[in-house]
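Feature annotations, reproduced from Swiss-Prot:
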{"type": "REPEAT", "residues": "31-85", "note": "repeat 'Kelch 1'"}
{"type": "REPEAT", "residues": "92-136", "note": "repeat 'Kelch 2'"}
{"type": "REPEAT", "residues": "148-207", "note": "repeat 'Kelch 3'"}
{"type": "REPEAT", "residues": "221-259", "note": "repeat 'Kelch 4'"}
{"type": "REPEAT", "residues": "271-311", "note": "repeat 'Kelch 5'"}
{"type": "REPEAT", "residues": "322-359", "note": "repeat 'Kelch 6'"}
Amino acid sequence: MADGYEDLREDELPGPAYEGYESAELACPAERSGHVAVSDGRHMFVWGGYKSNQVRGLYDFYLPREELWIYNMETGRWKKINTEGDVPPSMSGSCAVCVDRVLYLFGGHHSRGNTNKFYMLDSRSTDRVLHWERIDCQGVPPSSKDKLGVWVYKNKLIFFGGYGYLPEDKVLGTFEFDETSFWNSSHPRGWNDHVHILDTETFIWSQPITTGKPPSPRAAHACATVGNKGFVFGGRYRDARMNDLHYLNLDTWEWNELIPQGICPVGRSWHSLTPVSSDHLFLFGGFTTDKQPLSDAWTYCISKNEWIKFNHPHTEKPRLWHTACASDEGEVIVFGGCANNLLVHHRAAHSNEILIFSVQPKSLVRLSLEAVICFKEMLANSWNCLPKHLLHSVNQRFGSNNTSGS
């Protein structure tokens, strides 16, 4: 699915260390865009998305739905786990979060269109295989959609915006049809500014009555939670890819638009926005109104209300419809996405590369381990003097691949 207009494809091919599960130690996941990735701080969980078909003239295809890839943020190594149970259909543009090592997945686009189903997967399970569970929630759910955003606050998942079908039930907020969707679909779609809450204890859907001026309807925007504020930046509405910044107070449900001082990032969709401290958000990549892929990075300082350009070594690696997760080590881990114009789908350059952005100083332990590995020939004879947990970390780091660091 594109971020508002184009259907790019319409068919589909048929413990903490995660050591005990039925898995395969492969090099890395396939290249992809439109996937989801969530983190528990030490591991990044990757599911879904799609890639280009290698046979010219055939559609892009969704990646296998039973595959869950786990990236160890400390060692830089991947592990594939095959899941069972109520496995979601292969999709792109879904929305996912990880809370207490439980993965929640909502919405997306599959071979038959948009969905509003809700799934969960408990990665803490001691079973030999991880199991998906489809949750039959109560209340009025959001409409079927993809490319929406989510905030996590207390025991609530708060979903905002997206692109999909007209709601079947009466909901609070605005829905704007995409006129072009009438041409190529029997189920026309559009953008919305709807806010929906799911209580993860009762699994009941509800809608808050918000105050203030809400953002315009949009899709392919990016959301981030800091404290009791749910931030949203950019996204696409009709022909515009925007650079406005808003937050929703998740206690009072009041919308506020922020007008930062100084320079600001250009308007974009399909970007990522990641909280990296109690006062900073990290923005990377995206796709402009004139269809240019972006490789710029910015930090937004909440207390100063200003954007600051972030210098990094990945300026030759634009990404859009990628994912980004923060680690416990002060890094942002970007995975996958497309490196060129995604809408020219037979030429789309999907990626399976990891890009690492160091947004905070590394810990002394991390610096020491990196020094040990850097000078491994000189220090190898002394490794057995290390505490067992540090020796394990050093040994695991060998064999790492597909990681480009900053």
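Cβ coordinates come from backbone N, Cα and C, glycine included.
Residue counts for the repeat 'Kelch 1' (31-85) by DSSP state, with H, G and I taken as helix and E and B as strand, are 0 helix, 29 strand, 26 coil.
The average per-residue pLDDT of the prediction over the repeat 'Kelch 1' (31-85) is 92, rounded to a whole number.
Mapped onto DSSP classes, the repeat 'Kelch 5' (271-311) shows 0 helix, 25 strand, 16 coil.
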